Amino acid sequence: MKKKILAATAILLAAIANTGVADNTPFYVGADLSYVNEMESCGATYRDQGKKVDPFQLFADKGADLVRVRLWHNATWTKYSDLKDVSKTLKRAKNAGMKTLLDFHYSDTWTDPEKQFIPKAWAHITDTKELAKALYDYTTDTLASLDQQQLLPNLVQVGNETNIEILQAEDTLVHGIPNWQRNATLLNSGVNAVRDYSKKTGKPIQVVLHIAQPENALWWFKQAKENGVIDYDVIGLSYYPQWSEYSLPQLPDAIAELQNTYHKPVMIVETAYPWTLHNFDQAGNVLGEKAVQPEFPASPRGQLTYLLTLTQLVKSAGGMGVIYWEPAWVSTRCRTLWGKGSHWENASFFDATRKNNALPAFLFFKADYQASAQAE
């Protein structure tokens, strides 16, 4: 498998030589730690070599340099992932020396390729320009609040997995190709809010647009460009092999094509892999047998090897980094919308059989990734 992946990478070297991406673009290895505050409130503790540790400091000490955090508009079903909770997460990340990425969901709940529900507070707004202003003002006010706390993020995601049209009514949700006249107006409003605030304060913030799975990004960014959505800095991708048409060795093809076409660096802003198929609580796990790839068993070593392989491929293709989704979402007594416990403890970086002791997956942060892998 190693030779196969390296050979595929070598073929791409000529193609990625002229991506238009600056040579000084940083390469991030990070984690989405949005769940940590809630997990600790629910009684979770985290350990490294048997000793209790602060999870943010642990990730920083292990080499993580970027923390991603989601923000919901007004989630009445939980007290987490609101501005107060997000501010706490950003502060903990910055105090540990890591940079931050703020992920605006523009919803009161989860957004993803299947749903992009408008916040209840905006549901009455039918005029696109008026809705765009509400989005602009909310984005600006959020950044201003964080800035006052000296918590302004380094990167901002304008939407989360926006494969379908954003800010849709739940009872009239439309999948498939977005209404680009409306969608472009709304997305550009969010982008403009970030740009204007950055310009006003003189504080740089990179804009990320985020699509789930590389095969969707190829058509989405083409249509976005055709409809005037062009002012962004980073192409963000979710990459989960279970749900992608692209196998791991094929991923650099998509990264190279996106970077060659749009001259923007590509970052994997979500990925994950199970270290076991065992379920430790009543909440069903999202990543089960179908998530397991032949080359990477569902084991601590398999999880690490997947991450090392993925990150090397992204680096070799000229990508900007890899962020692991919710490696600290461990099992607790608390409930989600769907069950009691965690739906992700078998894909976390902590061993549920050893009181949440750190797993080998942490080694992926400090691995020596080469900018250009050579075929063997």
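Positions of Cβ are set from backbone N, Cα and C atoms, glycine also.
The signal peptide annotation in Swiss-Prot covers 1-17 and is backed by sequence analysis.
Sequence annotations record features per position, and here Swiss-Prot assigns active site, proton donor to Glu161. A C-beta separation below 8 Å, combined with a sequence spacing of at least six in one chain, links Glu161 (active site, proton donor) to Thr111, Asp112, Pro113, His210, Ile211, Ala212, Ser238, Glu270.
With a 10 A radius on its CB, Glu270 (active site, nucleophile) counts 22 other CB atoms from all the protein chains. According to Swiss-Prot, the active site, nucleophile annotation covers Glu270.
Annotation source Swiss-Prot lists Ca(2+) binding site at Asp281, Asn285, citing similarity to another entry. For Asp281 (Ca(2+) binding site), the number of other Cβ atoms no farther than 10 Å from its own Cβ, over all displayed protein chains, is 17.
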Nonlocal residues around Asn285 (Ca(2+) binding site), in sequence order (Cβ under 8 Å, 6 or more apart): Pro274, Leu277, Asn279, His343, Trp344, Glu345, Asn346, Ala347
DSSP three-state assignment for Glu270 (active site, nucleophile): strand
